[in-house]
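Enquirer: Quick paste from TrEMBL:
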type	residues	note
COILED	99-157	coiled coil
DOMAIN	221-294	domain 'CusB-like beta-barrel'
Amino acid sequence: MRNLLVLSCVMAAVLVGCSGEKPPRKAEGRTVDVPVRVAARADAVECRSFPAQVESEQSVTLSSKATGTVVAVMAEEGQKLTAGAPILRLDERELAGQEQALFAERDQARREKEALAARAALARTTMERMGRLLGQKAVSQEDYDKARAEADALARQSEAAGAKEQAVASRLSELAVLRGYATVTAPFEGILARRYVDKGAFVAAGAPLALLDATTGRFDLAAQVDETLLPALRQGQTILAAVPGLAPKPFPVTVAAVVGRIDPASRSFKIKCALPEAVPDAAGPPRAGMFGRVYVPARTAQKLLLPASCLSLRGDLPMAAVAGPDGTLGLRVVKTGGSFAAVAFAGATYLTDSEAFEGQAGDDRFVEIISGLADGDRVACPAGATLRDGDRLASGAGQ
């Protein structure tokens, strides 16, 4: 009985030992072939971005020189026009009526002038005859004076009639010019950016009718910049700009004008930057009104930057895969700062806020590393691949 009890205890102990779970085996590290980037601090030019708008150097608002009703519209908004192309026409019947009245007034003034000229010639002849008779004592001095006065008066009336005719002729010339403005035409080749009136609208003299932007010539990028950056800008300086609708990447522009007057409402000043004649990788010619940004250098500072593809998230924690001396990767939590688009320009690295410019797919976004990495650390940049602790870099990886 005692032996049976001992045997039962031994069997129970064996069964308990066999039923226990085996400890999990640690996953073996993989060999990965991914790009490697060496962390290093470097000088970078921090830029502040400001919204801007493309403006045509030659942009005009066409206004009415006469009062009238729009009777015809010959061009639509967005249409490309050649120099002299008609845009709209005003009713000129009132001007035509005024012109006919002036023609009649001019003819009447001419007839009056001719009649007075004939009377003045007769009075002058009579005066000369009276002068000869006065020398012969055949007429009195009073009769001669009356004849001379009448001749002088008629001569002046004839001159006045001639002046009246000239005045009417001048008014006719002005009216002819005014009738020419009844048809509004494009003064140069351009695009009809806006038409302020439609057919049937009544317009007064001086009212705006259309806005025309030139398609040739220089284009500027105009922006309002914070007043604190006024000392950092000067005419002729080259800075970076971006026009997403024109080109996929930032490009250099030249500051053409710095308006030093500060707007008290926005505490900003205006700058104009000349767009280059050939914008790199431009999808087409610039158009007035396009949205853009200018990047104004604010300061130069040392930063440790890594491409965003070199970081991964574990929950909410950004992590970097750092390679040891033997190539073994270890995940390390890092503290990050701002996100930038980095552009190599004028021998330096210019940092622009990445949220302000949406580049093409594949463009690198750089993240500032505040802590967690040191100069010389080799960071694996998997570009979408998932790395784990213990993974090993393949021989020659990152070279």
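The backbone N, Cα and C atoms fix where each Cβ goes, and this holds for glycine too.
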Enquirer: Given the model, what does the mean pLDDT over the domain 'CusB-like beta-barrel' (221-294) come out as?
Expert: 90
Enquirer: For the domain 'CusB-like beta-barrel' (221-294), give the DSSP counts of helix residues, strand residues and coil residues.
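Expert: So the domain 'CusB-like beta-barrel' (221-294) is made up of 6 helix, 35 strand, 33 coil.
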